Structures are given as structure tokens and as C-alpha cells.
Amino acid sequence: MKYADISLRLYMVFLRKYLESCGCEPDLIALIRLISRQMDPIRKAFLDNQMYEHTLNASGELQAQMDTWADEHLIKVVGESGLVRELASEEQADIIRFENSRCEYCMVMDPLDGSSLISTNLAVGTIVGIYENGGVLQPGSKLRAAFYTLFGPLTVLVVSVGKGVQSFAWDPESEHYLLLKDHFSVPEGKQYGTGGVRNEWLLPHLKVIEYFDQNGFKIRYSGSFVADCHQLLVYGGIYTYPGSEKSPNGKFRLLFEANPLGFIITQAGGRITDGRRNILNIVPEKHHQKTPVYIGSKGIIEKIEEIYKNL
């Protein structure tokens, strides 16, 4: 990232300064900055990790080499930091505890969301949620911070510490995250993306899609939850992966995907629901728990809940 007037850098807001202005504790700032700075080595590792492993993750999904690389890298860095007591990763069967931690923060993460798209060079990302009080089995409403990184033309960090949503772009020249957009507000867009298999959809979801089609919604779907959420953060609309006949609880993990992204979208004025309740209010029973997801513009979510209620 280069600027015609180098003095413009003096007026840029850096990630650290923003977090300080929000009154974040020094250890929380250190943790967010530590994790966010790992996105540069993760991005550089894409070139040498293009293939799939012959292994499955804890959710029974085929692992890409980058899933494993990013997961192991982040676990190592976080474990050595002394900033995290407990960590749950989508790629790990068990919760990891760091007994040497001097802090009581706990962390949930999807090290590389959308990794099946790596071979097609489409956008993928990393999702992170941070809680206080040393345990990961907390509702999303209790998140102290949540952020994701989107690896696209820019490496973009979207973060919320409970005071709105901001995005920062990684500047490889200065090796800092610079403020890209301040105070997102999810507009009431008319686009949607939906996962799943149509002939397995349940009646409420079929009615939801019928409503979209009858009201002129356009389909926008990439296959990466991070990328699709970022799109609706900018343009509005809805993204959904519903429950189905074969998988009534849907596909997305409550802790690693739904809660952090739902927290961010909610902080930007949107909402997240499973069709009947606010997902951020669900108390997790296990760390790989799944949930149906509808996430996006507030008005559209309210309409979806109305459709569910009337069936």
C-alpha cells in the first residue's frame, strides 16, 4: 500500500491506537495484535501449502494442508504468549489449556475458513473470538472481542471490541494495520447466499427462499463464510446455511464461526438467528456444537423469524 503523500501516514489510524482509544486492557491489545500479525506469515504460506491432507478434522471434514499449517502455527504462537488460558480450534478434537498463562482470556478460532477454495484462488479467511474468565463454553453475547481476516486483494482485518465494527488493511511496507473503514453499518440489501442441498431443505427454509425469489433478491454466494459475511457487511443482505433433513443442526460451528461473525454483524447493526432465536444467546453444551445460521440485515432477519413463527 503506497500513498502519493507520505505525510498522509501521520494521519492514519493504526490498530493499536484504535484499541487503546476503545479502552481495551493492555493484555487484550497485545493478544489481538499478536494474532493479527500472524496473518502475514499465513498468507505467505499459501504458496507452499496448496494440497489436501489425507486426514479429517474434528468435524469429519477433509483437511487442506493450509488448515493444518495455520492451526499449528496459531496454537504455537498463542501458547507461547502467556495471554490465553484456554483455546478451542475447529481443527482440534479437544480444548487446549495453557497452564502457564498469566491471563484468563480464552480463544476460539477457525484457523482457515473456506480452505476448499484455496486451489481456485478465491477469498478465504481466519475467524477468532476472545472471551474472558478462562472458559470457551460461553454464549456469543459474552465475547470480549471478535475479528476475522479476509485474504483477498488486500489482507483485511475486521474487528469489534463491543464498540462498533472497523476494518484495517495490512500494509506490508510499514508492517502495520491501517484503518480502512470506520463504523460499519449493515444496509438493508437485497442479495442472499445459501448453502446446503435444495432437496434436503426443510419447509421453513424453502419458504424463506421463496420469499427472496418473489421479492427480487439476487444470489451472491462464494462458499467462504468469511467472504460472504464481509460482502453483506458492505452491501447488506443475508447469508444462510440452514438445518436440513440429514443435518437438522446445520453445518456451522457455534463457537468457531457463528458466534464471532454473529457478534461482528450485530455490532454493525445486523442480526444472527437460527430461525427462532438469537444465536448469540445460546449457551454452548460442547465446543463442536453446530447450529443453523441466518445472518445479515436486521429487517431481513426479522422477516425470516416471522416466516418460521407462522409455520
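Using N, Cα and C of the backbone, Cβ positions are placed for all residues, glycine too.
When the candidates Glu245, Glu257, Glu285 are compared with the Mg(2+) 2 site entry in Swiss-Prot, which names Asp110, Asp113, the shared residue is Glu257. Site annotation for Mg(2+) 1 in Swiss-Prot covers Asp110, Leu112, and the matching candidate from Glu90, Glu91, Glu99, Glu132 is Glu90. For Lys251 (substrate binding site), the same-chain residues that are 6 or more apart in sequence and have a Cβ closer than 8 Å to its Cβ are Gly195, Gly196, Tyr241, Lys290.
Highest local Cβ density among the binding-site residues Asp110, Leu112, Asp113 belongs to Leu112, counted as other Cβ atoms within 10 Å over all protein chains shown.
Same-chain neighbours of the Mg(2+) 1 site beyond Glu90, Asp110, Leu112, judged by a C-beta within 8 angstroms of the site's C-beta center, are, in sequence order, Asp67, Ala70, Asp71, Ser89, Glu91, Met109, Pro111, Asp113, Ser115, Thr126, Ile127, Phe256, Glu257. Other than Asp110, Asp113, Glu257, the residues of this chain whose Cβ falls within 8 Å of the Cβ centroid of the Mg(2+) 2 site are, in sequence order, Glu90, Met109, Gly114, Gly125, Thr126, Ile127, Phe225, Val226, Phe252, Arg253, Phe256, Pro260, Leu261. With respect to their backbone Cα atoms, Leu112 (Mg(2+) 1 binding site) and Glu257 (Mg(2+) 2 binding site) stand 11 Å from each other.
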